[in-house]
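Participant: One structure, as structure tokens, below. Some questions next.
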Amino acid sequence: MLTLAPVCDADAPIARVNPVAKLAAVAAVSTTALVAADWLTPLLLLAVLAAAIPFSGIRIRALARHLAWLWLAAGTVVVVNALFAAEQTGRTLLAFGPVEISSGALLDGTAIGLRVCVAATAGVLGFATTDPTDLADALTQQLKAPARFTLGALAALRLLPLLGAEWQQITTARRARGLEAGWNPLRRARLFASTMFTLLVGAIRRAGRLAAAMDARGFDSEIPRTHARTQRMAAGDWALTALAVAVCAGAVAASVAYGTFTVFL
Amino acid sequence: MVPVEFRGFAWRHAGRRAQAVAGVDLRVEPGERVLLLGPSGSGKSTLLAALAGLLTDDSGEQDGEVLIDGKPAADQRARVGLLFQDPESQLVMARSGDDVAFGLENQAVPPGEIWPRVHAALEAVGFPYGPDRPTHALSGGEQQRLALAGVLARRPDLILLDEPTANLDPEGAQDVREALRYALADSEATMIVVEHRVADILDLVDRVIALGPGGTLIADGPAAAVLAEHGESLAAQGVWVPGVPLPSRPAGTAGDVALRGDGLTLAYPGADRPALDDVTFALRRGELVAVTGPNGSGKSTLALLAGGLARPTSGVATVPGEARPLHRLPARRLATRVGSVFQDPEHQFVTPTVRDELAFGPRQAGWPADRTAARVAELLDRLRLAPLAEANPHTLSGGEARRLSVAGALAAAPDVLLLDEPTFGQDRRTWGELVDLTADIRDEGTALLAVTHDRDFAAALAGRELVLRGGRLAEGAAE
């Protein structure tokens, strides 16, 4: 079943860090990877992220599954950018009819692929180690996001797995009525639409009931809410954010020193 | 502990012409425990929503007053707790303890006091797990007890219960009633409960108020007196009055075998034991077999496999005249052999009108137009759906939707009909209608299999019972 629990050991060092601190660290790393257009900066960042994995408490196998789509995406990015680069520079590596790949274009493509990898890996590391409830708490308390938004989103998230189960039930009930898509793509599309409609009717009713239940427990009262769990930045949380910024600065500095650094404009 | 008062109260839902309730005058004394009775459409839920302050200006039009402790109910929200019927749609948070804390946070309880109150409330309802237990891993009965803890933790002066056990299996319902009994004995709060199953809740209340259509007062007084005087008429309106006899429709002699299950087994990947394990049975024309057993014993899985709706890991379900096992039949052919009626009727509706809904199965099966039309007319008439022929199925009442789902499954004239909890959450009147309808279908020679927790339904109709435990057949085997 689809669940929303984080896929990691909750006592691991990174899992215990404050969600806002993690958010800041992910933002720093992703922004750096986005701004730096060379291949060395993202490569260094990726190495640091790889070194951080043991501290995240994420099981490697689970992480690999989460990131499987990413390798595909990054690979596609490299190929597309190498193939369709505005100008092919450097040594020609491959020429086949109209297809031509040069070393310069391949390097640029690889850099872009690496940058995608860095941003995605950082995001997965941050979110897979964060409980959605803690994130909502932190956003509300530390970043003053409105509770109607954060808790509303949280309540909706709780209903998501139910939708999966309900989709299954509706599909089964349709077969009992004599309705089945088979191989006909048109029928398949129509059945999908009608199943989706039934699912939405149910979901909207359930959301209405949930909203009433939340209000019945005082969610819409004007009183400022208190918080059962306090989320704040401790010394260790500041340290992680600082470390992330330092790593970014270090990677950029190394790239500048090596002479490869360029800025994406 | 507060007094509650309705003064000339009326409510019209936005977009409706008729008032849901009108001219309601009621007073409930501080600390009283009241059972509110009435048929569907008598506005019981509207009255509870009014007391909980959930009827806002933009959702309808109000006349008269609703007072809690002499002040408008809308301003007294913090003093009222409301437990809804559906456990699934009243839990907010992913962790059990957080869900109880949610109501306290809204009330601005100081953080230091929140957790002690959460623990006390969880203990009061007999919650068997710690506060970190994920809410999605709870059974219906456990979820409902957690929701009750969420109500109690706010220490309401007025507790409102809207059919708190209607969506639960008997075991879960029993646990919730235990929790209510314990919690209410410990509290001085005024309490108003809406419930059809009167016998189950009678020892918790000291006064019964019976409402008629539109909220008119029919009876008011001590429980015993009201039930003695108005029992018959309340039962006729759909209330489960204890002591009023239930109908019984014993079957005639069973005919030929209409469906056979041989060694049916279904193991979900990753599960530690099969959901259904080597079950063999035969179902004959003109009989109703009840499938019973505790939650998770494989009842619904049996219905899915017998209906050809899931692929068994091993074993087959077959009907005479089909060489292929049911799960390999194309859907349009399957519907002419075995009909399945699901717990939620709305999942089955596939067309915009009641009439089309009935014509759907026959059309899929390729019946000629005149035969289809005759069949639809017959079903509309027999299931008293004729006045609703052009209505949208999604707008029907609970009882009507249930009748339509049965009619839809029967439309293509299958010899076998499978029912999953057909009487779940129905009031007594609808229940009686369903018993009669099912008995008629059976006596015309259809073979019926009904998955049910409802002892009364099984007693009224079933010739025999298949009892499942842990996925295996416990008694009532093959022939």
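Glycine is no exception: its Cβ is also placed from the backbone N, Cα and C atoms.
Worth saying up front: this structure is predicted, and the values here are computed from it rather than measured.
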Participant: Can you check which of A:14-36, A:106-128 TrEMBL lists as transmembrane segment?
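Facilitator: Based on what TrEMBL states, transmembrane segment spans A:106-128.
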Participant: Quick one: do the transmembrane segment (A:106-128) and the transmembrane segment (A:238-261) reach 3+ CB pairs under 8 Å, ignoring pairs fewer than 6 apart in sequence?
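Facilitator: Counting Cβ pairs under 8 Å (6 or more apart in sequence), the transmembrane segment (A:106-128) does not reach the transmembrane segment (A:238-261), since there are fewer than 3.
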Participant: Cβ under 8 Å to the transmembrane segment (A:39-60), counting only same-chain residues 6 or more beyond its ends: which ones?
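Facilitator: Answer is 7-15, 29, 32-33, 107, 110-111, 114-115, 117-118, 121-122, 125, 128-129, 247-248, 250-252, 254-255, 258, 260-261.
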